[in-house]
Amino acid sequence: MVGWAIAVHGGAGVDPGLPVERQEEARRVLERCLRVGAAGLRAGLPAVDVVEMVVRELETDPVFNSGRGSALTRKGTVEMEASIMDGHGRRCGAVSGLTTVKNPVSLARLVMDRSPHSYLAFDGAEEFAREQGVEVVDNSYFITEENMSMLKRAKEANSIMYDYRVPAPGVDSASDGLEGAKVENGPLMNGLRISVYAPETVGCVVVDSNGWCAAATSTGGLMNKMSGRIGDSPLIGSGTYACGDCAVSCTGEGEAIIRSTLARDVAALVEYKGLSLQEAVDYAIKERLDEGMAGLIAVSRNGEVAYGFNTIGMFRGCATEDGFMEVSIW
Amino acid sequence: MGCWAIAVHGGAGVDPKLPEERQEEARRVLRRCLGVGAAGLRAGLPAVDVVEMVVRELETDPVFNSGRGSALTQEGTVEMEASIMDGRGRRCGSVSGLTTVKNPVSLARLVMDRSPHSYLAFHGAEDFAREQGVEVVDNSYFITDENVRILKLAKEANSIVYDYRVPVPSADTCSASAGPVGATTDGGLQMNGLPISIYAPETVGCVAVDSGGWCAAATSTGGLMNKMSGRIGDSPLIGSGTYACGACAVSCTGEGEAIIRSTLARDVAALMEYKGLGLQEAVDYALKERLDEGKAGLIAVSRNGEVAHGFNTVGMFRGCATEDGFMDVAIW
C-alpha cells in the first residue's frame with residue numbers, strides 16, 4: 001500500500017494582471033475539487049473514478065476553460081474535448097467536438113468502457129452520447145458572457161498578429177515565430193496576448209492506495225479556434241497519459257504539446273531513461289517544447305506529485321494522504 | 001551527405017488465404033509507389049515532400065484501405081483520416097472525418113503548413129479543404145463494390161463476435177483479442193474483432209529519410225470496417241500512428257486501439273532517444289513489450305539511412321528501397 005496522491009490543474013499561462021478576486025475564486029475552486037478527490041481516495045475509490053469525478057467538478061464550474069466556461073470557436077460556439085486514461089491496463093477513452101454533452105470527461109469514460117473504440121468525435125460522439133443517455137444541454141449552456149467578450153478581443157488581437165505557428169526565418173523548430181511581436185505586445189500564449197488569453201484546459205492525475213495511476217483532461221480548446229480544431233487534450237500521449245509508473249495531464253499551447261508528445265514523454269523518461277518523476281517532468285518541459293509554452297501535473301505509483309511549467313503561472317493544486325494540501329497560481 | 005531510404009506499408013494483418021492475383025496486385029502497387037518515392041529522393045526532394053507524394057499514390061490506388069478503397073463506416077459511408085510529420089522541426093498536421101477530400105494526406109500537409117492548428121476534423125476540416133481549394137469529390141468516389149460486400153460480411157460477423165475490446169476477466173491489460181477468443185471455436189485469426197478473411201488491412205504509410213538525413217512519416221486510412229461514425233483511430237494521432245523527429249520516422253498499422261494505448265510510433269523513437277537502442281532493436285522492443293495482446297505492424301527509417309520493420313500480425317504489406325539500389329517488397 002502506498003500513500004495516495006492527487007493533483008489538479010486549471011490551465012497554464014496566466015495573466016500577471018489577473019485581479020486578485022479572480023485569483024481567489026480560482027484557488028477556491030481548485031481547493032474544493034481537491035477535497036472532492038481526496039474524499040474519494042480516502043473512501044478507497046480507484047484512481048480512474050477519482051479523476052473522472054474531479055474533472056466533472058472542474059467542467060461544471062464555469063471558472064475554468066472546460067464544460068461550462070469553455071473557450072469559444074471563431075463562430076462563437078463551444079466544441080469540447082476530453083480524454084481519460086487508466087494506468088491499470090493502459091485503457092483509454094477520448095472525445096472531441098462535443099456541443100451538447102454536459103460532462104465531456106464522462107463521455108470519454110464511456111467510450112473507454114462501453115464502446116469498441118478509443119476515440120469518438122463530432123456527430124458520431126454526440127450520437128453515442130444519446131445512445132448512452134448522458135446528460136445533454138443546449139450549446140448556449142456552456143457559453144459565458146465573459147468568454148463572449150474575450151472572443152471579441154481575441155478576434156481583434158488575431159487580426160494584427162502573425163500566424164503564431166510560422167517559424168521565425170532560420171529557425172528549424174516550429175516556434176511561435178513572433179519574436180518581434182513579443183517585444184511590443186508582452187508575453188504571448190497560442191498567439192494571443194496574455195491579457196486576452198483564456199488558459200486552456202483542466203486536468204486531474206491521481207494515484208490510489210493500490211499504486212494505480214490515472215489521468216483525465218478536458219477543455220473547450222483555444223479561444224477563436226477554427227471549428228473542427230482538435231488540440232492536445234483528447235490526444236493520448238500528448239495531453240493525457242497514464243501507465244503503471246505514472247499519470248500526466250498537460251495544458252498550454254496545444255500544437256507544442258502534440259509535437260512534443262508531452263504526457264507520454266514524461267512517462268517514457270521514467271521508464272526508458274530511469275529518471276525520477278520530477279526529473280522527468282523538468283526534462284520534458286525544458287527539452288521537448290522548443291519555444292512552446294506549456295505546463296503539466298504528474299503523479300507516480302510511489303505517491304509522488306510533481307508539476308512543471310514554462311509559462312507565467314499555472315492554476316494548480318495537490319494533496320497527499322499525509323494531509324498535505326496546496327493550491328497555487330504562480 | 002547521408003544515404004536516403006524509404007519504406008512503405010499497405011496494412012498489417014493479411015488473410016493467409018488471399019488469392020495469389022491479389023497478392024501480386026498488392027506487390028505491384030507497393031513497387032510502383034516505392035519507385036515514385038525513390039525517384040523523388042534521387043532528385044533531392046525533402047523527406048516530407050516524398051512521404052506526401054507516395055501516400056497520395058497509395059490513397060489514389062483502390063487496392064489499399066485509404067482514399068479510394070477505404071473501409072466503410074457502419075452506415076456504408078467513408079470517413080478518412082491521415083497525418084504527416086516532418087522530423088525536421090517536428091512539425092505535424094492531421095485530419096479526421098474527411099468525406100470528400102480526394103487526398104487526405106495532402107490536406108494534413110496543408111493543416112501543418114497553412115493553418116494555425118495541428119489537427120482539423122469533420123466539418124471544420126471539410127471547410128478548410130474548400131478554403132484551400134483542394135480537389136474534392138462525392139463520397140461515392142471512395143466506395144468500392146468490394147468494400148460494400150466486405151461491410152456486409154463484417155456486419156454479420158460482428159453480430160456474433162464479442163466486443164473485442166472487452167478484457168478477459170482478471171486480465172490486467174486491455175486485451176484487444178481477448179473478447180472473441182471464446183467465440184472463435186473455429187480457431188480462426190482475428191484482427192480488430194473480425195475474422196481475418198473479412199478483415200480489410202487498415203492503412204497505408206510511408207517513411208523516408210532524405211540525403212540531408214531528415215526523416216518524415218505519413219499515414220492515411222479509411223479506418224476500421226463497420227466502425228461507428230466519428231470513430232478516430234491511430235492513423236491521424238501523432239505519437240500513435242505517425243511520428244518523426246531528428247532520430248527517425250515511424251508509421252504504424254493494425255489494431256488502432258492497441259496502437260493508441262501503446263503510443264507505438266513515439267515509443268520507437270523514445271526507445272532510441274532515451275534508452276539508446278538502435279532502430280531495429282527499438283522496433284522489436286516496441287512490438288514485443290508495448291502491445292500486450294494487440295496486433296500491429298510498423299515501418300521505420302533512421303537518420304543514418306537504416307530501414308526497419310516489424311509486425312506481430314500474420315503478414316504486413318510492405319516494401320523498402322535504399323540509395324544503394326536495394327529494393328524489396330513483401331507480404332509475409
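Here the Cβ of each residue, glycine as well, is placed from N, Cα and C on the backbone.
All TrEMBL annotations are machine predictions without curation.
Remember, it's a predicted structure, so these values are computed and weren't measured experimentally.
Listed features, source TrEMBL:
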type: ACT_SITE; residues: A:Thr201; note: active site, nucleophile
type: BINDING; residues: A:Arg229, A:Ile230, A:Gly231, A:Asp232, A:Thr251, A:Gly252, A:Glu253, A:Gly254; note: substrate binding site
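When secondary structure is read from DSSP and collapsed to three states, A:Gly254 (substrate binding site) falls in the helix class. In sequence order, A:Arg229, A:Ile230, A:Gly254 are the binding-site residues among A:Arg229, A:Ile230, A:Thr251, A:Gly252, A:Gly254 whose C-beta falls under 8 Å from a C-beta of chain B. Mapped onto three states, the DSSP output places A:Thr201 (active site, nucleophile) in coil. Put simply, A:Gly252 is the one of the binding-site residues A:Ile230, A:Gly231, A:Gly252, A:Gly254 whose Cα lies nearest to the Cα of A:Thr201 (active site, nucleophile). Of all Cβ atoms in the shown protein chains, 28 besides its own fall within 10 Å of the Cβ of A:Arg229 (substrate binding site). Cβ neighbour counts within 10 Å, taken over all protein chains shown, single out A:Asp232 as the most crowded of the binding-site residues A:Asp232, A:Glu253. Across A:Arg229, A:Ile230, A:Gly231, A:Asp232, A:Thr251, A:Gly252, A:Glu253, A:Gly254, which the record gives as binding substrate, the greatest C-alpha separation is 16 Å.
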